[in-house]
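Novice: Take this structure, written in structure tokens, and hold onto it; I'll ask about it next.
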Amino acid sequence: LFPGADVGVSGGSASKENAAVTHTTARPLLLTTPEPWHLSVTQTPAKEKAKEGETVILNCHFNSPRHLSLTDLMVKWYKEDEKGQMDLLENNVTVLPNNSRVFMSGDLSQGDASLVIFNVTTSDHGIYFCEVTLPDGKVVTGDGTKLRIRRALGLFGIEESIGTIIGVVAAGIGGVVVLIIVLTPQLRRCVLCMRQGS
């Protein structure tokens, strides 16, 4: 009975050792598997300005320790503004209907997922986000680029906001009024002096 019990115990301890060995070999695989897909997405600069009619390139660069398969890598661009969120590019292609102004201009194999917008208008104002989806399903999004569009008034080449022009005109009128108020008493004195002298 005792030898059989010893065999049973040693068999049990052997199977426990096997289980422990299997468990330890599984742990490094779990730790090393996500590492090749560690990715960072960078958008520069944080703010971009353009005039109506210009072409804008919004930079988006990503890097990883190991080159990713481009067939598995998906890039998405979307814009957020006061109206909400609007998708511009999905699965590496433009999704806007009847819009040929927005394209991905970067080379994915070089880690470049930049976006180009031709002939910008004031409706393009907003914050643009570059989003990269990894083959394991993880999504990494950049910090965003705020795009501000200046309106081109076409008056002697002046391209400024209407508010600024109104402010400058109001300040000019105010200055003239102050000058008139200050100079009017002195002008009266001069006129009286001239009359008395004559």
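Just so you know, glycine gets a Cβ as well, placed from its N, Cα and C.
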Novice: Looking at 1-21, 127-147, 148-168, I want to know which stretch TrEMBL calls region 'Disordered'.
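Specialist: The range carrying the region 'Disordered' annotation in TrEMBL is 1-21.
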Novice: Please average pLDDT over the domain 'Ig-like' (28-141) for the predicted structure.
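Specialist: The average pLDDT of the model in the domain 'Ig-like' (28-141) works out to 84.
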Novice: Going by DSSP, how much of the domain 'Ig-like' (28-141) is helix, how much is strand and how much is coil, in residues?
Specialist: 14 helix, 53 strand, 47 coil
